[in-house]
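In TrEMBL this protein carries:
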| type | residues | note |
| --- | --- | --- |
| ACT_SITE | CYS326 | active site, nucleophile |
| BINDING | ASP226, ASP273 | S-adenosyl-L-methionine binding site |
| DOMAIN | 113-384 | domain 'SAM-dependent MTase RsmB/NOP-type' |
Amino acid sequence: MTPSARAQAAIEILDQVIAAARDDGSPADALVSAYFKTRRYAGSKDRRAVRELVFRAIRHSAEVPASGRAALLPLVPELFDGEGHGPTAPTPDEPRAEAGIVPGWIAPLLSPLVGEGEWPALTERAPLDLRANIARTARDEMAAHFGAEPAPLSPWGLRLPSDAAASADEAFADGLVEVQDEGSQLIALACAPVDGQTIVDLCAGAGGKALALAAAATEARIIACDTNLARLRNLAPRAERAGATIETRLLDMPREAEGLADLEGQAECVLVDAPCSGSGTWRRNPEGRWRLTPERLDRLEELQRRVLDLAAPLVKPGGTLVYAVCSLLAREGADQAAAFLSRHSGFVPKDIGMDVGRLEGVGRLLTPGHDRTDGFFIARFQAR
Ligand SMILES: C[S@@+](CC[C@H](N)C(=O)[O-])C[C@H]1O[C@@H](n2cnc3c(N)ncnc32)[C@H](O)[C@@H]1O
């Protein structure tokens, strides 16, 4: 493919990314792969170059661009030459996406800790973090194997360059490491898992945190719950690879409480890794900025309140509830945690037990700019 033809391919994919952001469709990565499934003429260099163009355009623009052309035009105007299969030359008044990091409507909602000086880190490419599976190996052993630096905050973490291909490594296939951002590892650490405990991971998804908990406390009973069957199904092969035993439980919305009734007052720890805006993970999913709307944010906030209220009755007296969101918005983090305490007088705030990130309200905030992790708010509550 010529450089201009690659630009045209990127435009077509960006049109799909914009539509998917509006309609809650497939992520950009999946759209890039699907595009090339039917275009066998494109070689691996073409695919890589087009993917790079697509993601550069997504990172470039905070607001949803008017079209794929508008998204790409400011980046490679020289390729809009109308040659061969390339994009036609632009007209003078054609829309062009403006450079930006935080969408205008989201900026005032960011935690006051995330000043403009930190914004560039929100969309810069993230390193590749691994978690050593300490049930089977030592971090130092994996650091030597990968030639990786130990991650600075998590005792299980390793840090590799963003383009490292760790999941093709035999240590990954053998379950000795998992790909997991250091901030996510800290959430599992905040649960302080201990053998013999019952730990409920209420919003387990594909089990990233549940796997970390299982590695740290191999004799704990870990129950991974979620309302999304497809996500929960992804946990089984990961647990098998890691040699972990994790119970899974599919909850039926809106009757989740029925599916949890037998766990009432049983858990030493309940982790609520709640659905959220994902504003702390824009560096991995920059299109997340195009997907969020005020209405979606309202719905997420309501869901966070709901899962916190489902979690509270499961905690044993003296047990803990850990609340986490990969968000930098105060409404989803510190404000949500404060609202939980005002609804549940049987809980008191408790420090997460690690001197990481910065204090925000009753919890701590980790940010890409300050901590070099994804952005997370983490709070811990203890049942009286
Ligand atoms: C942030 S993700 C969890 C990520 C996961 N803990 C991990 O480490 O990979 C939030 C999850 O909450 C789930 N969820 C949404 N509503 C829920 C509900 N009412 N009860 C339980 N889980 C829910 C979503 O399906 C999603 O998988």
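Backbone N, Cα and C define each Cβ position, glycine as well.
Source: prediction; values computed, not measured.
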Ranked by how many other Cβ atoms lie within 10 Å of their Cβ, the recorded positions ASP226, ASP273, CYS326 are led by CYS326
For ASP273 (S-adenosyl-L-methionine binding site) and CYS326 (active site, nucleophile), the CA-to-CA distance in whole Å is 8
Students should find that the Cα atoms of CYS326 (active site, nucleophile) and ASP226 (S-adenosyl-L-methionine binding site) sit apart, in Å rounded to an integer, by 17
